[in-house]
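First the structure, in the form of structure tokens, and then the observations on it.
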Amino acid sequence: MITDRKAKAKPERGVEELLEYLGEDLTKPGVLNTPKRFVKAMEELTRGLREPPPEVVFFPLEYDVELGPVVIENIGAVSLCEHHLLPILLRISVAYVPGDGVPGLSKVIRLVKWAAARPIMQERFTEWLADLLMEKLRAKGVQVKVCGVHMCSFIRGVKDEHHNMITEARRGEIDVKLSCKRPLGCR
């Protein structure tokens with residue numbers, strides 16, 4: 001989080017101006033601190049823009065064996081649509097073939113959540129995430145499947161609460177059937 005009070009004043013004023021433009025009464029008790037809360041929420045949802053990626057810890061292979069794919073399904077994450085700054089609820093499944101060492105499970109999940117914490121276009125994000133995982137996991141192969149429910153088409157525009165968008169990317173030699181549950185329940 002950004003802790004400089006002076007730095008936060010400008011975006012908070014911007015939120016106040018937006019609320020006034022929309023016709024909101026800024027003196028209502030429930031709205032008094034909304035600009036501060038909104039800025040704090042945006043900081044949290046975009047922390048991947050400011051924080052360094054989490055360090056990945058590797059465990060050595062204790063015997064000489066060729067490992068098959070490791071699959072982690074349905075990692076929950078939240079991004080923002082870069083066009084509307086509305087949330088995208090994500091379920092991300094990844095598979096990787098370890099290279100020189102096995103990355104810790106929690107570190108892989110943290111890396112995926114960090115990567116998602118920014119404004120994205122899902123198609124481009126999926127490709128970038130595959131490249132990031134290939135590099136950070138020192139993998140021989142990576143496969144990524146991203147299932148997203150975009151609030152920009154869920155609550156506005158076409159207002160379709162039943163859709164989800166699925167994107168996939170593959171790097172190296174890997175072919176796994178990945179699944180991911182719809183972030184707002186299964187159909």
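Any Cβ shown, glycine's included, is placed from N, Cα and C.
Under the heading Zn(2+) binding site, Swiss-Prot lists Cys81, His84, Cys152. A 10 Å cutoff on Cβ-Cβ distances gives Cys81 (Zn(2+) binding site) a total of 18 other Cβ atoms nearby, all chains included.
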Around the Zn(2+) site formed by Cys81, His84, Cys152, which additional residues qualify by having Cβ within 8 Å of the site's Cβ center?
Leu80, Glu82, His83, Leu85, Leu86, Ile88, His150, Met151, Ser153, Arg156
